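To start, the structure itself, in structure tokens.
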Amino acid sequence: MESQQLSNYPNISHGSACASVTSKEVHTNQDPLDVSASKIQEYDKASTKANSQQTTTPASSAVPENLHHASPQPASVPPPQNGPYPQQCMMTQNQANPSGWSFYGHPSMIPYTPYQMSPMYFPPGPQSQFPQYPSSVGTPLSTPSPESGNTFTDSSSADSDMTSTKKYVRPPPMLTSPNDFPNWVKTYIKFLQNSNLGGIIPTVNGKPVRQITDDELTFLYNTFQIFAPSQFLPTWVKDILSVDYTDIMKILSKSIEKMQSDTQEANDIVTLANLQYNGSTPADAFETKVTNIIDRLNNNGIHINNKVACQLIMRGLSGEYKFLRYTRHRHLNMTVAELFLDIHAIYEEQQGSRNSKPNYRRNPSDEKNDSRSYTNTTKPKVIARNPQKTNNSKSKTARAHNVSTSNNSPSTDNDSISKSTTEPIQLNNKHDLHLGQKLTESTVNHTNHSDDELPGHLLLDSGASRTLIRSAHHIHSASSNPDINVVDAQKRNIPINAIGDLQFHFQDNTKTSIKVLHTPNIAYDLLSLNELAAVDITACFTKNVLERSDGTVLAPIVKYGDFYWVSKKYLLPSNISVPTINNVHTSESTRKYPYPFIHRMLAHANAQTIRYSLKNNTITYFNESDVDWSSAIDYQCPDCLIGKSTKHRHIKGSRLKYQNSYEPFQYLHTDIFGPVHNLPKSAPSYFISFTDETTKFRWVYPLHDRREDSILDVFTTILAFIKNQFQASVLVIQMDRGSEYTNRTLHKFLEKNGITPCYTTTADSRAHGVAERLNRTLLDDCRTQLQCSGLPNHLWFSAIEFSTIVRNSLASPKSKKSARQHAGLAGLDISTLLPFGQPVIVNDHNPNSKIHPRGIPGYALHPSRNSYGYIIYLPSLKKTVDTTNYVILQGKESRLDQFNYDALTFDEDLNRLTASYQSFIASNEIQQSDDLNIESDHDFQSDIELHPEQPRNVLSKAVSPTDSTPPSTHTEDSKRVSKTNIRAPREVDPNISESNILPSKKRSSTPQISNIESTGSGGMHKLNVPLLAPMSQSNTHESSHASKSKDFRHSDSYSENETNHTNVPISSTGGTNNKTVPQISDQETEKRIIHRSPSIDASPPENNSSHNIVPIKTPTTVSEQNTEESIIADLPLPDLPPESPTEFPDPFKELPPINSHQTNSSLGGIGDSNAYTTINSKKRSLEDNETEIKVSRDTWNTKNMRSLEPPRSKKRIHLIAAVKAVKSIKPIRTTLRYDEAITYNKDIKEKEKYIEAYHKEVNQLLKMNTWDTDKYYDRKEIDPKRVINSMFIFNRKRDGTHKARFVARGDIQHPDTYDSGMQSNTVHHYALMTSLSLALDNNYYITQLDISSAYLYADIKEELYIRPPPHLGMNDKLIRLKKSLYGLKQSGANWYETIKSYLIKQCGMEEVRGWSCVFKNSQVTICLFVDDMILFSKDLNANKKIITTLKKQYDTKIINLGESDNEIQYDILGLEIKYQRGKYMKLGMENSLTEKIPKLNVPLNPKGRKLSAPGQPGLYIDQDELEIDEDEYKEKVHEMQKLIGLASYVGYKFRFDLLYYINTLAQHILFPSRQVLDMTYELIQFMWDTRDKQLIWHKNKPTEPDNKLVAISDASYGNQPYYKSQIGNIYLLNGKVIGGKSTKASLTCTSTTEAEIHAISESVPLLNNLSHLVQELNKKPITKGLLTDSKSTISIIISNNEEKFRNRFFGTKAMRLRDEVSGNHLHVCYIETKKNIADVMTKPLPIKTFKLLTNKWIH
């Protein structure tokens, strides 16, 4: 057909592809891609095959036949006349032109016509002069069919001059995709080469061999347009053509570059994988070749680690280097550099360098001795390597040598052994190991083989031709001086002392003997398999036995490490008593002790120490001469190498070459410090430092995180700074291998800027010493500055920056210059510098009013980077400013002449001083103050974790509570205090006495309050005494905050929870003469304790009566009074003995000693040990002052610094970060897998029960039509994300039944296979407890049901497939689910919707709004928990009717119908309930705890004295840093999870009295210290001792017309870390405890009143929800009550005054609480602290108090 088509073109007078080429042209036009014939595409190969059938090249051709060209044929057919190209487009070939040009037209005749629309390719039209495809031809260069015989003859006269001609050139294929362009370019280049245009193709360097002509360029342009349509070109090609649409050469050049890069990577990988080295080339050249390849691959993103590189190198070693292949078995961490050290050592020995270098080789492994033999084809060879190295050796490379070779002696000739070096000796006994031993200094006695990998065994060696043994004990028929030459792998001689027989007695009672050689110079005893084979014994490594050819097993083989061993117990000992080898006898007394023996004897000390000790006779019994020191020089103790392993030593002055090689700012060191925890969000948590290698100039930058973009911004900033300010370019940056430095983003940035990253080696921080030392220095300075200034820790980076400025200006002792001078900068002008933390007054340029003060006190931090100002911290505004408008606050001394820091008083609490607020002292006095505060996000309780501050004993002796201070003393001391302001230090000076910490005598008038009523004992005691009483020495450890100056802001309401008795001197109302109140007795003082709440005032201003200073809600009607009395009447409160109104409990009787760890987590709180009174400090004390010494704020205010916020001091608390927010407890697996329950279960009876349960579950699954049984799917056909794994789980229930369940692995389910919005609801525990309580009060019947395989009743909407369990033998198949299988994410929600719909539609139930899974109708209440149902009804028939309806649809089992009138026992959701209708209900978990607690492996004391309380008051948890390894830490955390998990389960079920202890310990799950574990054990022990306790409910009195729902709240102020308070609530329904909660307050409270408000506000939402539930389930009216023991809180709730709140957070909370109380008709009542049962939720109590508060509701 092709011949016919071509015959239609008569106008073509030339052959279509008949150009020839000379041999010279063939060789010069070389392919730059070097594409071999094997790499040609399939269509090229097909073309080759087709062309090979045509006429071959004439024999006269000087060039071998080119399979890509066709030979010219005689012109037997006229040329075609009607071709697509006119005759004038053809060129006459008068030279070696490209083959087949006639198809593409004469290039000179085609003009360079630009594209009409854009410089892109468009298909040419029929009138275009550009070539087109012939419409009837498949390709533009179709080859004529061989059968047609139609050929074309080249008419060019130049063809006769050619030595060879080409066949028809096959064109490239059409480009069909941009992704195929790289492969297409290869074929296009091949096409150009075959067309005699190889010379114009760009070479590797991007330049062609010759210049392209215009004709060739036209041809190139036309052919590229034909075969590469524009729509299939890559973007980068289109970009080139958009600039110059004829620039095909640039496209080819760039394509070749891309292919060269890809080819180079492929070639490097192939070269690296096929490395070969045998020593024929220099080792340096081989190393350079390999390292260059690895570097190129690493730079191209192909990372080759040391392990892979070493394996590839060792795989190619041969000859003398072959043994290095096996080093990887003993040295897993070998680097490429270490491997090349071994290769260099062997190469040097081959080159004859033994005379100039020590005759030993580097040991491939410094950790183990190894002995292994390899087969040699020429002579027997035994490899024996026993690397030894002295401890004090300075050699960098230790090389393998056999033990008998001296360190400096030349190697022995391989062919013979010098007999002169061997002197025979007599064998004294059969245990003598010196049989024929050479008496040379290099001899080492191996009497002790404790270094063997497997002592008492022989190493099986397939490569050893002889058996060698070190001990003569098993040698039979021994003879000395054998004429045997044995060499090791390095062809060094191994001296042989004797030869004999080795006799075996195997376990089948057969005896065998082989020849054995004796030498003490090997590491292991070698048993040659070749010699065993000679006596018909082979080693079977599949069975690991020695056996005969007939299969008889002789002995087992032990695999230890990488080798196989046979026990020596099969060897027969020698029966030669005293054989005489020669007539030479060595006396026992002349034998020297071997050094290895002495080395081990003397605790592995080094040789130098041992020799020195022997010389000085510090070791007796033998002398230095009694030890053989010959091997001490090169001895390497394996135990020392392992036990004393250290990092490589850094050579002193090793960085001098960098300092000399680089100019300033060309070599930088950088490192990151952080994070610093417990800081506000606005403060940085990290900083990154930079140090210049040459000048030592330093920079620091703050960081809030370590993200890639944050690090990149800093690098961009510093590089631009160095470039612009110092006109330098950074060349190298040294850093560690942290992810912030090794990420791809930073790597590309450095590469783009031409910077070389220099990383440290793994775990080698010393190599990064410059940056590490800088960070350490800056942190030391930071701690010092913060300690000295007393500034808050969130300013820590300002201290770092201040230190950096100073350090850059200090001269180095070595260079005698500062970093600034090295950098060419001027010295630091100290007149512009202020001490860090210098008090200043800053001008307020924008005051609130014209009469507002213009000055704001602040603290100077450091000079500004961006201006000539100074960075100053303003505590009152809680921000820093950059300003020059400041005045230094100076004392008598200059700021530069030892500024007197002690002239300033620094208080601890920033929030209270700066917050201006309205407060009142009495109902008729309210004082206003200006407020300079602006709210910010600073958390001023944050702390920098730098180093622990050790507590100090402040007072040398305890202060007697009966001592007092005379008034005169106060006056004198007050005068002294007024002269010098005292700064409250972090650690109080032990020299401070009681007198000089008293407040100043000079005070402004303080109003005197009379008729103050105390509520210390729960009653009202009128105190007609002044507010401020004199201070006695007994209270010197308390704060003197009660006395205030003009602004008496801190006098607030008073409650009973106070122990800080404040007795200080006061001023009269109208004058300046101070008078003190006469002293009163301790008893009177205790009566007159006045309790203050510093932040929320509890006194109502609208009532001036002295009887209502602490208001309680006064009933206005008799009904209200009766309501409040009725709320408290039926509660299970303790019965207290009546007390006399004049008696007051001594608050100091059970007060624990002052503890320095008062801010740590406590199971006792801060002073919470009083049995009757909650002893909570109302004011925060200095954290580091264990005696709570406080300085009056008037001392601070004496210098008009009332608005200045004194910095606070805090002590670091060592906590793991995760401890601070433990949100959940990891569940503990209680089920068994299939293999555990059935396959490997050794308990036959249990196994049978599990098998029975398994078959029952399978039948149930098939019965429920869980999956599609008609079709099984191939795993390859299904989308993997729709495939869910499955498994069987087994467990034994509490009733003893064995359960099997087929579940899906929902934990690895893909998110696309379920709706995350669906919810799986279960009944809330409070709903269950409420239903049970109402059932008791209303004589309900309780029926318990269970629905079998509940989830399987719910259909599944999604298309999901599961893998059958592995034991079913269907590994490659899948089954499609139809039902909601257990374990799927959506199964619970599907079942909930299914059962909910059925209960509503079929059973006539409705779900209670707001309480999921609680359904009701007029007669029945249902609580649903997955497949468990609990029915409550007054009529049992109503329950039965529901059961009948359920059985119509579901397999419903009746667990307990509840029809008996006697006591009925239930097991409902883990609770063991005893219920007698109309009388009582008891809830417990005795059986469950009896079963579970012993399985926790807790050291119980079952027969010892039982614990009476779960914890001790006053006990604090020490939170020092844990020093345990990772495995032990994980083990202890896992143990804590189990223990606290069980305790939480029990506590929230019914043991509400344990919730405080559980909550406190749960916060320390990730801090499992010994103390925490002991406390946890104590809690579990108490649970064990009281496992029989039950929550007791009694039926409500029938006379009660209403339901009463009560919440009792309590709070323990500031007894948790970071001043957090513990809050607790107990909920009661009709006098029955139904729930409880104990938790740490989310907000930081500043007083007990705020804590109580927080506690009550937390209880109200749940109280309202429970109220709604009770009203839905029982239509009786409901009375709701809130009980608290804080009268100040009640006063705030019932008051309408909005000026009481100084804090907007608690003000908002209190205002909302007011609205909720009034809107929900809540009755707020007062309860005495001694009767507040919620007290157990907030603090540990003494045994007596704990029992008193709990014995009425749980016993």
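Placement of Cβ uses the backbone N, Cα and C atoms for every residue, glycine included.
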If Swiss-Prot says ASP1610, ASP1685 bind Mg(2+) 3, which of GLU1578, GLU1650, GLU1652, GLU1716 does it name for the same site?
GLU1652
Among ASP1346, ASP1355, ASP1518, find me the residue Swiss-Prot lists at the same Mg(2+) 2 site as ASP1427, ASP1428.
ASP1346
Swiss-Prot annotation of region 'Disordered' - which of the ranges 752-793, 1130-1171 it falls on:
1130-1171
Given 235-292, 525-582, 583-640, which one carries Swiss-Prot's region 'Integrase-type zinc finger-like' label?
583-640
So what's the mean pLDDT when you look at the region 'RNA-binding' (299-401)?
58
For ASP1427 (Mg(2+) 2 binding site), what is the tally of other C-beta atoms lying within 10 angstroms of its C-beta?
19
Per DSSP, to which secondary structure element type does ASP1428 (Mg(2+) 2 binding site) belong, with helix, strand and coil as the options?
strand
When you average the Cβ positions of ASP1346, ASP1427, ASP1428 for the Mg(2+) 2 site, which other residues in that chain have a Cβ within 8 Å of that mean position?
LEU1345, ILE1347, ALA1350, PHE1425, VAL1426, MET1429, LYS1453, ILE1455
For each of ASP1346, ASP1428, count the other CB atoms within 10 A of its CB; which of these binding-site residues has the top count?
ASP1428
